[in-house]
Amino acid sequence: MKLDPFYPLVDSSGWIERLVPLGVKLVQLRIKDMPEAELRREIAVSNAICEDHGCRLIVNDHWQLAIEEGCDFVHLGQEDLADADVRAIRKAGLRLGVSTHDGEELETALSVDPDYVALGPVYPTGSKELKWAPQGLEKIGGWKRQIGGLPLVAIGGLTLERVSGVFENGADVAAVISDVTGNRDPEARTREWLSLTEKWR
Ligand code: TZP
Ligand code: MG
């Protein structure tokens, strides 16, 4: 399965409303703490906006709500895999992406037959506390050789200025938080991302 080469991670439907109409075709909704009713609303609103614009929505963590709201993808970390019902996710027709940081985690991820694997952090990041040091570009190539045709998502500290190296080393997708949502002009930055990544589409 081919994935769009750029996806922003955002923490509200408000961001989805701002960015998806610009031409974003893949986006992750990553909400960590929110009461369930509000969360469901955020997911439902995000999903409706994405459907209107032909954009695929990845819901981080909240796989039951993602199933109930008929979303496209669920993204799970290693710590989420033990509690998630992967069969239920698949049975409902959703696709699954899994985070990895080291070889053991890659094995665990591959054991659930994911639709993509994410590797991070490639560069230092201020957006998530992680016990892993930045992985660097070479690891991307190693991961890609191991997973073959499965899409590889690179994440962590990616900016427009240094993303080319990520693709040149074998990543299929660049996933980005702060370079987009922390930018002075997130809409303009998103357009730049879309245009720069066009050649990897
Ligand atoms: N997982 C690995 S690094 C990261 C996540 C969620 C944060 C990426 O954020 P940024 O701001 O693009 O470095
Ligand atoms: Mg998680």
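Glycine residues also receive a Cβ, built from the backbone N, Cα and C atoms like all the rest.
Those TrEMBL annotations? Automatic predictions, nothing curated.
Listed in TrEMBL:
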type	residues	note
DOMAIN	14-180	domain 'Thiamine phosphate synthase/TenI'
BINDING	Gln28, Leu29, Arg30, Ile31, Lys32, Asn60, Ser99, Lys128	4-amino-2-methyl-5-(diphosphooxymethyl)pyrimidine binding site
BINDING	Asp61, Asp80	Mg(2+) binding site
Largest inter-residue Cα distance among Gln28, Leu29, Arg30, Ile31, Lys32, Asn60, Ser99, Lys128 [record-listed 4-amino-2-methyl-5-(diphosphooxymethyl)pyrimidine binders, Å]: 16
Nonlocal neighbours by CB distance (under 8 Å) for Lys32 (4-amino-2-methyl-5-(diphosphooxymethyl)pyrimidine binding site), same chain, sequence gap 6 or more: Asp11, Asp61
Where the C-beta lies under 6 angstroms from ligand 1, the matching binding-site residues among Ile31, Asp61, Asp80, Lys128: Lys128
Other CB atoms, at most 10 A from the CB of Asp61 (Mg(2+) binding site): 19
For Asp80 (Mg(2+) binding site), the three-state class that DSSP assigns: helix
Model confidence over the domain 'Thiamine phosphate synthase/TenI' (14-180) (mean pLDDT, whole number): 97
Cα separation, Gln28 (4-amino-2-methyl-5-(diphosphooxymethyl)pyrimidine binding site) to Asp80 (Mg(2+) binding site) (Å, whole number): 16
